[in-house]
Amino acid sequence: MNAEKQVIVALDVPDLSSAIALVEQLPQVHFWKVGLELFTSSGPTILEVLKSQQKQIFLDLKFHDIPNTVAGACRAAASYGVDLLTIHATAGVDALKAATEAVQIGAAQAGVKPPKLIAITLLTSISSRQLAFDLKIPLELPEYALEMALMAQEAGLDGAVCSPQELAQLRQTCKDEFLLVCPGVRPTWAEKGDQKRSLTPAQAIQAGADYLVIGRPITTAADPELAWKRIAEELTTVA
Ligand SMILES: O=C(O)c1cc(=O)[nH]c(=O)n1[C@@H]1O[C@H](COP(=O)(O)O)[C@@H](O)[C@H]1O
């Protein structure tokens, strides 16, 4: 498979100038994720920069609020003309439905294509132990992630974010067109950091990911271009 089509690089940097420098350093990357750190520090300017370079954009703001507030945020986010947008499944089914309608309205009002709305099932930084003992969820982790994905699918969302470890099960159960976007991906040579449920890029694609989200293994590498190249080469081994 082709890394340029399926790898989204997380632009988790503190300011606009660092973001632009990284985008210039990695011209091979076609899909960038703008998340909470960069959007909170620098606002939507980076989206214009990326669009002017014909990049695809995942706006990862992980909305989690009551339906009315989530809908307003989704209308605003959809007006930027981004490709993917996130909401937490745990906002609940009413918020998910309201968000689904709101992205259509926001995009139509702005005259842009609506983003694919995808739901976070369970953050990849949470372990089975933390799910049970800290969050007090009385389900096995894979079952919980699947329930969240199915709720999102029923609410009309376009896909879900899950860890590579739950991918195979979600791929088997969700509709074929339901997008599965997968962070928590770690090449064997990279540090895991705070990611608890990871697999390698090749394993994640083999398990059925539509997109991989990879940040620090590339962006904080001593040589980000080399790190990208190594991941791209690893992925050429996957049919
Ligand atoms: O929504 C996300 O993208 C996301 C969900 C999740 O469960 N786990 C997760 O790590 N992410 C994001 O994916 C990226 C992973 O970055 P690295 O851990 O540096 O590869 C970060 O920008 C996270 O915000």
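A Cβ is built for glycine as well, from the same backbone N, Cα and C atoms used for every other residue.
Going by TrEMBL, these are the annotated features:
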ACT_SITE  D60  active site, for OMPdecase activity
ACT_SITE  K62  active site, for OMPdecase activity
ACT_SITE  K62  active site, proton donor
ACT_SITE  D65  active site, for OMPdecase activity
BINDING   D12, K33, 60-69, T124, R186, Q195, 215-216  substrate binding site
DOMAIN    6-231  domain 'Orotidine 5'-phosphate decarboxylase'
Query: Here the recorded positions are D12, D60, D65; which one has the lowest number of other Cβ atoms no more than 10 Å from its Cβ?
result: D65
- prompt: Which of these recorded positions (H64, D65, P67, T124) have a C-beta closer than 6 Å to some atom of ligand 1?
  reply: T124
Message: Applying a 10 Å Cβ distance cut-off over all chains shown, what neighbour count does H64 (substrate binding site) have?
response: 17
- prompt: By the DSSP assignment reduced to helix, strand and coil, which category contains K62 (active site, for OMPdecase activity)?
  reply: strand
- prompt: Name the residues of the same chain, 6+ apart in sequence, whose Cβ is under 8 Å from the Cβ of P67 (substrate binding site)?
  reply: A91, G92, D94, A95, K97, A98, A99
Field: Listed in sequence order, residues with CB under 8 A of L61 (substrate binding site) and six or more positions away
entry: G35, L36, F39, A73, A77, L85, T86
Field: Inter-residue C-alpha distance, D65 (active site, for OMPdecase activity) and T124 (substrate binding site) (nearest angstrom)
entry: 20
Query: What is the nearest of the binding-site residues D12, T124, G215 to D60 (active site, for OMPdecase activity), using the Cα of each?
result: D12
- request: Check the recorded positions K62, G215 for other C-beta atoms within 10 angstroms of each C-beta and report the one with the most.
  value: G215
- prompt: What is the interatomic distance between the Cα atoms of D12 (substrate binding site) and K62 (active site, for OMPdecase activity), given in whole Å?
  reply: 14
Message: Below 8 Å Cβ to Cβ and six or more residues apart, same chain only. Which residues does that give for T124 (substrate binding site)?
response: C162, S163, P183, G184, Q195, K196, R197, S198
Statement: P67 (substrate binding site) falls, by three-state DSSP, under helix
Field: K62 (active site, for OMPdecase activity) versus G215 (substrate binding site) - Cα distance in angstrom
entry: 17
